[in-house]
Amino acid sequence: MHKIVQQGSKSLIESRIKRKSLLSKVVTDVSQLIPYFQNGHYVSMGGFAGTGYPKVVPIALADHVEKNGLQGKLKMNLFVGASVGPETEDRWAMLDMIDKRYPHQNGHHIRNGINSGRIRFADQHLSTFASDLLAGYYTLDKPHGSKRTMDIAIVEATEITEDGCIVPGASVGITPEILQMADKIIIEINTSLPSFKGLHDMVKIALPPFSKPYQITRVDDRIGLEAFPVDPEKIIAIVESQLPDNTSVGAPEDETSSAIANNIVQFFIHEIEQGRFPKNLLPLQSGIGSIANAVIGGLSKGPFDNLSVWTEVIQDTFLDFFDNGKLKFASATSLRFSPPGFNRLFNNWENYKSKIILRNQAISNAAELISRVGCIALNTPCEVDIYGHVNSTNTMGSKMLNGLGGSGEFLRNSRISIVHTPSTRPTKTDPHGISCIVPFASHIDHTEHDIDIIVTEQGLADIRGLAPYERAKVIIQNCAHPIYKPILMEYLETSRQICLKNHMGHEPHQLDKAFKFYTNLSEKGTMKIDKW
């Protein structure tokens, strides 16, 4: 079992609860809260990308299930802005405590549960998830209570203000929305962290027909609240936590990610020279992972100054970007730093906090704002096909990885949409067994109409303004691995010849052969086919 730190200095948690009438809500024995959770309940948690999530109560629930042999008998429908730490939702999945899960996850056991059919999961654009949740789209079949509420919301906070508002920690996600729609609320105050007051800018989302434009034109604009109001009558408990976010040190930059980053930097330089980008570029959006980290690291070393960021998640390499003076300001919904990264943040807190805003994910990922500020989107997919369709979620067309996340809203609405991936990935028997450039993507999350630039370590394909056949040639020549380049080119040219004869040559395919890479991979452990 995970060791729970239930109680620190009484004066410490009291100092974080500025509204003294709420001190009566403090609970030191979390076992008292277990009966509030019933099989089939709709439970929501704060947190985003593995930070700022509640830990003490979810861990206590898992301990209770494990100790009493309740696996499969106490199952929740779980709603989180994105992913949370493995000691919470992934352990819940291991103990068969999750029935439904929306809209994004990251963990071995929860992924296995989804792909084995044990957990009902659907990914969703993160920008619209909160409003859809408020509208009741995800509680339509709720068998008890109101069809538009959560039974319980559990959120992490770093302070409760004098007027009873919640100051979150390292992420916002859907915390404002679940505080509005929950019947009961449990607040975990993490006293191992400093108060994050002043870092957030949170708004109450209005649903149509009452929605209005978000008055943001610059990444550092503020339109909301530093702390979010909560109905004190809904609060059933306040629990002290001293557990850190369970993050890890990212994979180090390697030769492949470095080459991808360099290709992108050179493209940016070219766009500046051609007058399509200003010298300080446009606001950057970067996904999560080693390649994304390498790209941001490469930009921080590049000839760019006075940059800004409009993204979902800020990672370790952004700290280097701040420290060398090239990054002016960053807006996100989550800070996902490694433990050393968080130490850097806290040791220079006053400097960093004046350069960062954390917003609702409904704001950080809003199509309206991504388009208005003119983002440069940078995301890592599973695969890209020769016409520019992108698969970000389902390998072999069927196996869910993590979910769509925010890639859809950024790739669809940014000024420039860039996807970057290694040209190949290894299998157990072949170091180049999987080509990330394929004839026809086995699952499509982002269409050919959304993508401008494709980058691998082999090169960069600028497909803006190109017809499908032109796109395919550029993608194969510039991005495919040399092993797969002739195989893909043969498929393209043969498909074109056949389709032109039949007057269907706009975007040529041979449907009897389009997925042969995948069948060969299943049968032989490699996409290196012998012949078409």
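The backbone N, Cα and C atoms fix where each Cβ goes, and this holds for glycine too.
As annotated by Swiss-Prot, CoA binding site applies to G287, I288, G289, S290, I291, N402, G406, with the evidence given as similarity to another entry. The Cβ of G406 (CoA binding site) has H125, L126, S127, G287, E312, Q361, S364, N365 as same-chain neighbours under 8 Å, each 6 or more residues away in sequence. Mapped onto three states, the DSSP output places G406 (CoA binding site) in coil.
If you look up Swiss-Prot, you'll see E312 marked as active site, 5-glutamyl coenzyme A thioester intermediate, on the strength of similarity to another entry. Look at E312 (active site, 5-glutamyl coenzyme A thioester intermediate): DSSP puts it in coil.
When each of the binding-site residues S290, N402 is scored by how many other Cβ atoms sit within 10 Å of its Cβ, S290 comes out lowest. For I291 (CoA binding site), the same-chain residues 6+ apart in sequence whose C-beta sits under 8 angstroms from its C-beta are T256, S257, I260, A261, T380, H420, T421, P422. Look at G287 (CoA binding site): DSSP puts it in coil.
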